[in-house]
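Undergrad: Got these off TrEMBL a minute ago, pasting:
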TRANSMEM  23-42  transmembrane segment
DOMAIN    79-222  domain 'Alpha/beta hydrolase fold-3'
ACT_SITE  157  active site
DOMAIN    274-344  domain 'Alpha/beta hydrolase fold-3'
ACT_SITE  311  active site
ACT_SITE  341  active site
């Protein structure tokens with residue numbers, strides 16, 4: 001019942017946003033931002049007596065630092081957190097309780113980055129913001145008592161995309177400290193194949209439907225929605241990209257038990273160069289980190305991956321897990337059988353809290369403590 005109420009409220013919010021957009025009042029993301037602004041006015045952000053919270057800015061990028069109030073005799077781990085929201089919604093406030101929890105329970109310093117969002121800021125603004133804030137934080141580790149050998153990147157959904165991309169970027173820059181670990185919770189990792197088993201089986205699942213996922217992706221990459229069907233059917237894949245897709249994003253690499261709910265293999269539509277030109281940025285490794293070269297993947301740090309059953313994106317997680325393991329990267333993987341995309345944010349919502357949100361949080365905490 002709680003899940004259906006949440007879903008109905010979410011869909012109502014999206015539908016009202018679409019009406020406002022058609023009337024020329026504001027975009028769907030802007031409508032959601034306004035609603036959340038008033039939500040946090042009516043329901044103030046909870047303060048944690050055991051965590052010190054500081055609001056900062058690096059240029060125009062808002063950030064929030066969380067530090068355990070208790071003194072420490074040694075340097076602490078540093079967690080850089082990238083929030084989810086499909087690159088169109090999400091904020092520091094939305095994830096405040098979660099970051100407090102991580103800081104308190106792992107005795108770590110947490111930096112949450114409030115990157116700029118679409119449609120006002122298009123690709124590659126999110127990566128640029130997060131990379132700039134990340135490097136700035138690395139230069140100030142001593143200020144916050146953070147151990148440079150224990151830097152952890154963490155993100156959910158599109159924040160998981162950022163985590164993967166920045167981790168891959170860092171291994172190519174020897175002047176930057178090595179990342180100790182990366183944590184990705186139901187991440188989006190590729191824009192090549194939208195006909196994988198999870199996309200077919202859960203395209204109309206609660207919260208993140210395939211239509212909503214495509215809307216968010218197209219907003220950020222500034223792709224006309226008129227190309228949706230063509231891209232869903234793979235017409236944006238050039239012969240070279242089609243070969244890459246067959247090698248790295250192949251449903252044959254997904255365990256059989258994940259293909260038992262009506263998966264039907266589909267051949268891509270004929271290549272359409274016009275579609276490719278409009279959407280080729282989807283296919284770069286910074287947008288599709290799942291397709292990075294083996295020599296990059298092999299250098300990645302210990303990884304925690306969490307997927308949820310009722311989510312169109314769990315195939316991305318399973319395929320990335322295989323790529324990491326094939327290159328000898330230590331991987332901890334947890335699949336939440338009753339979980340759904342976005343469940344992590346419900347952990348402090350009282351009546352709307354789902355037990356598997358706490359389960360995911362405790363998996364993260366346990367992983368970090370054991371690094």
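The count begins at 1 with the first shown residue.
Here the Cβ of each residue, glycine as well, is placed from N, Cα and C on the backbone.
So that I understand the layout, could you describe where these features sit and how close they are to other parts?
TA: Its Cβ taken as reference, residue 157 (active site) is surrounded by 28 other Cβ atoms within 10 Å in the chains shown.
The predicted model assigns the domain 'Alpha/beta hydrolase fold-3' (274-344) a mean pLDDT of 97.
Under the DSSP three-state reduction, residue 311 (active site) is assigned to coil, being neither helix nor strand.
Taken residue by residue with DSSP, residue 341 (active site) is part of neither helix nor strand, so it is coil. Neighbours of residue 341 (active site), defined as other CB atoms within 10 A of its CB across all chains, total 26.
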Undergrad: Around residue 311 (active site), how many other CB atoms lie within 10 A of its CB?
TA: 25
Undergrad: Work out how many Å separate residue 341 (active site) and residue 311 (active site) at their Cα atoms, rounded off.
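TA: Each residue's Cα considered, residue 341 (active site) and residue 311 (active site) end up 5 Å apart.
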Undergrad: Can you tell me the CA-to-CA distance separating residue 157 (active site) and residue 311 (active site), as a whole number of Å?
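TA: Per the Cα atoms, residue 157 (active site) and residue 311 (active site) stand 11 Å apart.
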